[in-house]
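Each remark here refers to the structure printed beneath this line.
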Amino acid sequence: MRFRRGFSALALVALVVFLDRITKHWAMRALSQPVVAVEGVLRWRYCENTGAAFSALSGSGTAVLVLSAVLLAVLVAYLLFRPRIPWAAQLCLWAVVAGGASNLFDRLAWGFVVDFIEPLFVSFAVFNVADCFIVLGVLGAALGVLLDREGAK
């Protein structure tokens, strides 16, 4: 059972990193100009983010890189050595690891994170596939913890 869960987590990480890498590669090659994907809803626009999530702390390069690496290492250690986490919450946190690792790769390779997804229906930062998995993973893990607490009552 533990092997299957470990394999599932590894497969999820590999899939998320693959999707993020391939979409960023596409954005770097194809988006010299913004492209409206869905009128009034979504645009593809290449951006180089030197900050943290959603362009927060822009220009803080090394500090953001070091902080990202440390947080990622702490989360991986927590997941590996804290076996009593509910399986659904573990998968959600592995999605956070995958997104964080792919964005960390960008920072190490280029000094910035490639962002290209821009919502048009709301004023919001440009983001990428890894960011989606980070946010969904955090929300899913938080929901799992809340539901687990409710079930324990």
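Heads up, the Cβ atoms here are built off N, Cα and C, so glycines get one too.
Automatic prediction, not curation, is the source of TrEMBL annotations.
Note that the structure is a prediction, hence the values are computed from the model and not measured.
Taken from TrEMBL as is:
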TRANSMEM  61-80  transmembrane segment
TRANSMEM  87-105  transmembrane segment
ACT_SITE  D115  active site
TRANSMEM  125-147  transmembrane segment
ACT_SITE  D131  active site
CB contacts for D131 (active site) [other CB atoms within 10 A, all chains]: 22
Rounded distance in angstrom between the Cα atoms of D131 (active site) and D115 (active site): 9
Contacting positions for the transmembrane segment (61-80) when only residues 6+ beyond its ends and CB under 8 Å are counted: 9, 50-52, 90, 93-94, 96-97, 100-101, 103-104, 107-108, 111
